[in-house]
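In what follows, a single structure is set out as structure tokens and then discussed.
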Amino acid sequence: MIENNDKISRHQLCTLLIINLFGTTSLTLPRYGAEAAGTDGWIAILGAVALACLFVFVITRLTKRFPDSTFVEFTEKIVTKPVAIAISLVLCGLLIVFSALELRMFGEIVKQTLLNRTPLGVITATMLLTVVYSARKGYECRARMAEIFIFLIFIPIIILILFAIPQVDLHNLGPIFTTSPKEVVTGSVQISMKFSVLILLLVGGSFLAKDQRKHVGRSVILAVILVGIVDILLFFLTMGSFGETGTVESLWPVMNLMQIIDIPILEIERQDALMMVFWILTEFTLINEYVFFAGIILQKIFRKRSHRKFLLPLVPVIFILSFIPPGVMETFAWMDAVYFWTGILFLLPIPLLLLLISKGRGLKEDGYDQSY
């Protein structure tokens, strides 16, 4: 592993995406599904996964036309430079806000479950400084870490699923197919906004090694489907254990599920704390990527040789933004709003528009691979 290497494999890209998607959806998606469609929430989640695959299709089609250019660079080729800079600054701003809100959510959960006597500012500052230091390294460095983290993350999830099955009351899963199609479709669209982490593909596509670009779209879609299957399983487990009311009223239903299951092979008093340790790895990876790509966008806009000089100035900005919401519920409200506007702008409309313009003008680079 070379710490300043910026080229990764297709497998590493999918590994990073799986961890990032898991970090943004695993703890809360059962609640969003129950809020959207009750016991039919799994259908809404399934529809959201289908929409996420559509987003991936459009985004990867766009980035594959410009395999050696970052988002800022290929947007300048497609539209005028001022428009490209404006779009890139909006994307950078969203990444910074995402970093702040994820940092705040991380601090709140850790304080409530692990370090209830530690000041929230100390928890968030420690995480932020660690993230910024790691973001100074090359992209391949975090891809290597992700290859290690993914086993540490999914092993406890598999254990959770297996030992949570006896807790399920099948009566809590019914009745099914009672929600109107309009509510299910609306819920699917709303839940698909939680997959906004897919915007990282817009900036990360140029980091793929040349021999790894073939069939990248297909691989990324399979990664999204895998996370979707896990999310649907977690929905059934939480809904079956707590019922519709209990799932809706819980901020982190999966964390509550971990508290009630009995794992005889583990003599651990705080099983939810064990789950938290592994979830922290996903949050570290996610916030790290947000900060890293915010620095990359600023580097390309201002034509600097390295993104590192932009990282330290981002520390106070992210830290201050993370404390603007007065409480947990307000942080959730902020995140929902940012998810919505990110999805409205960057999950489909802007990538699709850029793709259509580039096709209409016949713009593509020499390394363009038409395979999917």
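Each Cβ is built from the backbone N, Cα and C atoms, and glycine gets one as well.
Copied over from TrEMBL:
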type	residues	note
TRANSMEM	12-29	transmembrane segment
TRANSMEM	41-62	transmembrane segment
TRANSMEM	83-106	transmembrane segment
TRANSMEM	118-136	transmembrane segment
TRANSMEM	148-168	transmembrane segment
TRANSMEM	188-208	transmembrane segment
TRANSMEM	220-242	transmembrane segment
TRANSMEM	276-298	transmembrane segment
TRANSMEM	310-326	transmembrane segment
TRANSMEM	338-357	transmembrane segment
*Residues sitting near the transmembrane segment (83-106): Cβ under 8 Å, six or more positions beyond its termini, same chain?*
23-24, 71-72, 75-76, 123-124, 127-128, 131, 196, 199, 202-203, 280, 283, 286-287, 290-291, 293-294, 297-298, 300-301, 314, 317-319, 321-325, 328, 331, 334-335, 338, 341-342, 345-346, 350
*Where among 41-62, 118-136, 188-208, 220-242 do we find the most Cβ pairs under 8 Å to the transmembrane segment (338-357)?*
188-208
*Which range out of 148-168, 188-208, 276-298 gives the transmembrane segment (118-136) the most CB pairs under 8 Å?*
276-298
*Any contact between the transmembrane segment (148-168) and the transmembrane segment (310-326), i.e. 3 or more CB pairs below 8 Å with pairs at least 6 residues apart?*
no
*To the transmembrane segment (188-208), which of 12-29, 41-62, 220-242, 276-298, 310-326 is linked by the most Cβ pairs under 8 Å?*
41-62
*Look over the recorded stretches 12-29, 41-62, 220-242, 276-298 and say which has the most C-beta pairs under 8 A to the transmembrane segment (310-326).*
276-298
*Thinking of Cβ pairs under 8 Å, which stretch from 41-62, 220-242, 276-298 has the most of them with the transmembrane segment (12-29)?*
220-242
